[in-house]
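Asks: Let me begin by handing over the structure; questions about it come next.
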Amino acid sequence: MNEQDKLKKAVGEKAATMVKDGMKVGLGSGSTVYWMIRSLGERIQQDGLKIEGIPSSNQTATWAEEAGIPLTDFSNVKELDITIDGADEVDANNHLIKGGGAALFREKIIAQAAKEFVIIVDQSKVVETLGEFSLPVEVLPFSWQRTANEISKLGCVPTVRVHEEEPLVTDNGNYILDCPFKVIPHPDKLNKEIKSIVGVIETGLFIDMATTVIVGEKDNIYIK
């Protein structure tokens, strides 16, 4: 296991300790969340922890089932006690870019549904200003080229994310446009501008949503 994976494992295990008996838990996506799910599974097996989870992606659902975490959905749950997820960038104000794993729409739903939204990252994801990581935007496949052209007027050249030489299709049946803005000094303004474009489903900008950010750096875990 390399150093970055060790940090992901450490922050994932730390976040898992925040989950208490009886909680409804939003399960995010990505490699850091994998370790959190593993740790929750161990607590279920060893300590009899009783929780229910709502996954943000099909991959997360598979990991949760393998870990023995009972799953539910929003037909049975109105509110989540906690959602734990990773991020691609976290800025000085704890605004986020997410969506590198193409699950941003469902991730935002379970984040907004939770009383507490905990982000787990390694130090490499912490930045002063968002934008170095291309901003993912989920769009309808119908006329995605036109949607991309409208987004380009805001200051970037979007590209459709591909998988095996075809546009990647999200769990919701949509496409992802990766938008390299380079620097996003006013994420709230940009988020509103992009979401006003017809054809946009959701952006990977998570503004004022994270309640806690757990960061792993060499030999240390700190709360941001």
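Quick reminder: no glycine exception, Cβ is built from N, Cα and C everywhere.
Grabbed the feature section from Swiss-Prot, which reads as follows:
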type	residues	note
BINDING	Ser29, Gly30, Ser31, Thr32, Asp85, Gly86, Ala87, Asp88, Lys98, Gly99, Gly100, Gly101, Lys125	substrate binding site
ACT_SITE	Glu107	active site, proton acceptor
Asks: If you measure C-alpha to C-alpha, which of Ser29, Ser31, Asp85, Gly100, Lys125 (binding-site residues) come within 10 angstroms of the residue listed as 'active site, proton acceptor'?
Replies: Ser29, Asp85
Asks: Any idea of the Cα spread of the substrate site, Ser29, Gly30, Ser31, Thr32, Asp85, Gly86, Ala87, Asp88, Lys98, Gly99, Gly100, Gly101, Lys125, as a max distance in Å?
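Replies: Binding-site diameter by Cα atoms for substrate: 15 Å.
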Asks: Other than Ser29, Gly30, Ser31, Thr32, Asp85, Gly86, Ala87, Asp88, Lys98, Gly99, Gly100, Gly101, Lys125 themselves, what residues in this chain have Cβ atoms within 8 Å of the centroid of the substrate site's Cβ atoms?
Replies: Gly28, Val33, Glu107, Val121
Asks: Count the Cβ atoms, other than its own, that fall within 10 Å of the Cβ of Ser29 (substrate binding site), considering every protein chain shown.
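Replies: Taking every protein chain into account, the count is 27.
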Asks: Quick check: in three-state DSSP terms, what is Gly100 (substrate binding site)?
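Replies: DSSP assigns Gly100 (substrate binding site) to coil.
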Asks: Please list, in sequence order, the residues in the chain of Asp85 (substrate binding site) that are at least six apart in sequence and whose C-beta is under 8 Å away from its C-beta.
Replies: Gly26, Gly28, Ser29, Gly30, Val33, Ser56, Lys98, Glu107, Ile110, Ala111, Phe117, Val118, Ile119, Ile120
Asks: Non-local Cβ contacts of Ala87 (substrate binding site) (under 8 Å, 6 or more apart, same chain)?
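Replies: Result: Leu96, Ile97, Lys98, Ile119, Val121, Lys125, Phe206, Ala210.
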